Amino acid sequence: MGILFARSLALLALLCLLLPCHGKLSTKFYAKSCPGVATIVRSAMAQAVAKEPRMGASIIRLFFHDCFVNVGRIYYPGCDASILLDDTPTFTGEKNAGANANSVRGYEVIDAIKTQVEAACKGIVSCADIVALASRDAVNLLGGPTWNVQLGRKDSRTASQSAANANLPGPGSSAASLVSAFAAKGLSARDMTALSGAHTVGRARCLFFRGRIYTEPNINATFAAARQQTCPQSGGDGNLAPFDDQTPDAFDNAYFRNLMARRGLLHSDQELFNGGPTDAQVRKYSGNAGMFATDFAKAMVKMGGLMPAAGTPEEVRLNCLKVN
């Protein structure tokens, strides 16, 4: 019996080398190996957000765009920092995917945090966990909730632009397609509605909301006219406008009140309150900031638990931009 048990353990160890074994995430994962990691990340994020409040929204978006790519497919999984990888001769990464190019930002903030973490605990903390911690701190520093971040992720050794193009919901998405896209990741319509509330902070490029402000009927006329001032019918694609023009850098529930007033910036925003299945939840969040904050935190933990498929090549990167 002892010999068989020993052989079983040896076989399991070999399999974990060949097909990485995903341990259960834990809030105490680095309690002994790198106990100061959360403090390092928080301090760096506080500096980044103080310098530019918009950076908080950018880091939240970076986390979402990392987690959402091809969960369940080998090589192109969830919250694994694949979005941070630069292109190589063997793969075209996610940075220049349609939803990311000239849009996702904050890479340099994550790189700076990684440098500090490596100086304190070399080769211990994954880039994926740094992004997860940074996004939590971004929300909280902008006035939103906080939560205990589950840790223990590993970093992907590859990335896929085509996977990002196929998996990230676009600004023209319908309510039905949003519900379906999130459901494919194990996230409910309520999770999706809460996570969409991250658009209470941040900016969008004119390119992504031009169609809405010039052609859609379910929009507040005064709001549309204001947005048209900086987003012409042609040109100015990169001109920015806040998702929430009431409190653009405060993480609150104003986003949902805006939707009820037909002041959603993107088509996909207003779809959440347009006679569909998420209308009731939008009404609840618009009148109950505490409910939104609680649900958002729960949904972020849930999304942060999206794990790579078994067999995905993983490691703890020393440099977030490239594999070891």
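Keep in mind that glycine also has a Cβ here, set from the backbone N, Cα and C atoms.
Residues annotated as active site, proton acceptor in TrEMBL: His65. Residues annotated as substrate binding site in TrEMBL: Pro169. Under the heading heme b binding site, TrEMBL lists His199. Per TrEMBL, Ca(2+) 2 binding site is recorded for Thr200, Asp244, Thr247, Asp252. As annotated by TrEMBL, disulfide bond applies to Cys34-Cys121, Cys67-Cys79, Cys127-Cys320, Cys206-Cys231. According to TrEMBL, the domain 'Plant heme peroxidase family profile' annotation covers 24-324. According to TrEMBL, the feature signal peptide maps to 1-23.
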*Based on Cα distances to the residue listed as 'heme b binding site', point out the closest of the recorded positions Cys121, Cys127, Asp252, Cys320.*
Asp252
*Least buried of the disulfide-bonded residues Cys34, Cys127, Cys231, Cys320, going by other Cβ atoms within 10 Å?*
Cys34
_Using a 10 Å radius around each Cβ and all protein chains in view, which of these recorded positions has the most neighbours: His65, His199?_
His199
*Cβ neighbours within the same chain of Thr247 (Ca(2+) 2 binding site) - under 8 Å, at least six residues apart*: Thr200, Ala254
*Where's the emptiest Cβ shell within 10 Å among the disulfide-bonded residues Cys79, Cys121?*
Cys121
_Nearest recorded site to Cys121 (disulfide bond) by CA-CA distance, among recorded positions His65, Pro169, Asp244_ = His65
*Whose Cβ, among the recorded positions Cys67, Pro169, Thr200, Cys206, Asp252, has more other Cβ atoms within 10 Å than any of the rest?*
Thr200
*Taking the mean position of the Cβ atoms of Thr200, Asp244, Thr247, Asp252 as the Ca(2+) 2 site, which residues outside that list, in the same chain, have a Cβ no more than 8 Å away, listed in sequence order?*
Val201, Gln246, Pro248, Ala250, Phe251, Asn253, Ala254, Tyr255
*Could you please provide the mean pLDDT value for the domain 'Plant heme peroxidase family profile' (24-324)?*
93
*Looking at Cβ-Cβ distances, which residues of the chain lie under 8 angstroms from Asp244 (Ca(2+) 2 binding site) while being 6 or more apart from it?*
His199, Thr200, Val201, Ala254, Tyr255, Asn258
*Can you figure out which of Cys34, Cys127, Cys231 (the disulfide-bonded residues) comes closest in space to Cys79 (disulfide bond), comparing Cα atoms?*
Cys127
*Going by C-alpha positions, which of the recorded positions (His65, Cys127, Cys231, Cys320) is nearest Asp252 (Ca(2+) 2 binding site)?*
His65
*When the Cα of Cys231 (disulfide bond) is compared with the Cα of each of the recorded positions Cys34, His65, Cys67, which one is closest?*
His65
